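Chemist: Feature list, courtesy of Swiss-Prot:
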| type | residues | note |
| --- | --- | --- |
| ACT_SITE | D150 | active site, proton acceptor |
| BINDING | L27, G28, D29, G30, S31, F32, G33, T34, V35, K53 | ATP binding site |
| DOMAIN | 21-323 | domain 'Protein kinase' |
Amino acid sequence: MSNESIYSVLDLTQVIFEDRYLVKQKLGDGSFGTVYLAQRKEKNGLYETVAVKKLKNSSKPKPKHELLKLRESLALRKISKHPCLIDLLETFMDPYRNIFLVMEFMDCNLFQLFKRRQGRLFTKETAFNILLQIISGIEHIHKHGFMHRDIKPENILVKRISPKPISSRYSIKLGDFGLARPSVSSDPLTEYVSTRWYRAPELLLRSGSYNHSVDLYAFGCIVFEIYSLKPLFPGRNETDQLNRVCEILGNPGIDELDTLHYWSQAKELAKRLGFMLPPTKPYPIQKLLPQNCPEGHAKMIPCLLAWNPDVRPTAKYCKEVFFPLPPSASKSNSVPQKISNPKVEQNLGFPISREDKKSTRRVGWLKKNLSEFVSSVKSVFPDSHGSQPHVKTEKPINAKESTGHLANPIASSNVPAISLKPGELHESVFFSENEQIDYLLTSIDYLPSYKPPSNGSNIAINAFNETVGDRIPSSKDILITEKIPFKKENEIRDSIVPSCSQPDESNKEGVASCLLLQKSGMEMTSVLEYSTPNPAEVQNICNDHAKFETSKSLHLSSP
């Protein structure tokens, strides 16, 4: 097939990119192109925030390579639209024969959401809803004769919504179909696909024959990660990955009666690679799970992680058996639909720390935790296996930096003084004592060397965590948290400057930043933005502000 015939299959229209799109930021580079955050000009004069992937354009393109580049667009065109799949809005070519894929923009990906959790586990209801949307997307792909082949947290995109019930606060969509291909094809299968931590045993052992069950294995790894906020098999390399799999799933050639953990082909495939599988017995995965994981899902994970791909359940079976819906929910669509947002949001993403973009690794992470299971963690989670939360666990070593996923949020600056933007919530949230005035003061910890007094506690942080719960902080949280009741107390207080009830001489080296927001209808308007090297000045400015005259000092305590 020639390049011209490949392009004709897509029926590409020619568009001058600059005439329709305004690039805001480069999000990252991928194997086949670069992803940008952009705004698309609509006929009604409004702008829509989108993710635009510009495919690489080689000087001497070969038809096979061009077809691989366009695989994502071809797959999304053949698979009908679904609320749990990223929406391909447009595919076009510019006069220079550059091809662009335009997709909806999401707030973040699942990996970034894990990091932002800071070790706080999802509730059962929220985890259930996230997993239901993921398995619904996988089921839809398989139903249309495709396999994704790269299911991982970075390719699961997240948008924060505010429906009721509150457990459905996230809209989840599968993205990055660059490795997707038909389940049945005359072309030979690529052996090296999927990301190592989520790679099925048949892929690790370089089997030339595999099917859609590789997606179910990856889903099993993600189920574990959703409940524990930690990866199950964080291997450093291929050999280490196989060893870690054997530590948990056991040697697949020991017990022929163990359907889940026996696979006769594994030994021969490993021998061909010069690898000897360790003679280990299966470790109960249920003991590695925290208590927020329901019994049904704890039983589902070993089935999904079966050595033998033929005994893994299908996506359809998983959805029907392990994700039963109550009668009231079954009458309506439990999967969040696309949220229409004609108004362009100013806050195109939420801030993430620079740690979110690093890709360092800790050697022997899971193995170390396994050895500490009995001695150090059993007292905390009697029925689970403890380890550090996901926030201290990094991405796979083979995961590229900003690999062109559709949702790479705009990072916040890491300088001492930050001028916060409307909608950004940092570590402290403070409210006016006057309930008739709806204000929000956001601020950051400004003194790395400063320790709060022993009798002072940042009550606002605790109240915010309890109220916001699993949501990604955004301007919408203001409408939910503004009614937190605070009582006056004479002894314990939080001042406007975070964690600093008594500023003194030791504070002079610190830098404080704050933003005062005023509610006006459904919008939050910036009333005051201020940065100063003297935290006491921030407090004075806020106290002297006309709208804060009733709050000379905020005396807050727990509700």
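Keep in mind that glycine also has a Cβ here, set from the backbone N, Cα and C atoms.
Keep in mind it's a predicted model, so treat the numbers as computed, not measured.
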Chemist: What is the one among the recorded positions D29, D150 whose Cβ has the most other Cβ atoms less than or equal to 10 Å away?
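Modeler: Top count of Cβ atoms within 10 Å goes to D150.
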Chemist: Between L27 (ATP binding site) and D150 (active site, proton acceptor), how many Å separate their Cα atoms?
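Modeler: Between the Cα atoms of L27 (ATP binding site) and D150 (active site, proton acceptor), the distance comes to 20 Å.
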Chemist: State the three-class DSSP label for G33 (ATP binding site), counting H, G and I as helix, E and B as strand, and everything else as coil.
Modeler: strand
Chemist: Cα distance, the residue listed as 'active site, proton acceptor' to D29 (ATP binding site), nearest Å?
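Modeler: Computed Cα spacing between D29 (ATP binding site) and the residue listed as 'active site, proton acceptor' is 17 Å.
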Chemist: Could you say whether, by DSSP, D150 (active site, proton acceptor) belongs to a helix, a strand or a coil region?
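Modeler: Note: D150 (active site, proton acceptor) is coil by DSSP, not helix or strand.
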Chemist: Roughly how many angstrom lie between the C-alpha atoms of G33 (ATP binding site) and the residue listed as 'active site, proton acceptor'?
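Modeler: If we compare the Cα positions of G33 (ATP binding site) and the residue listed as 'active site, proton acceptor', the gap is 17 Å.
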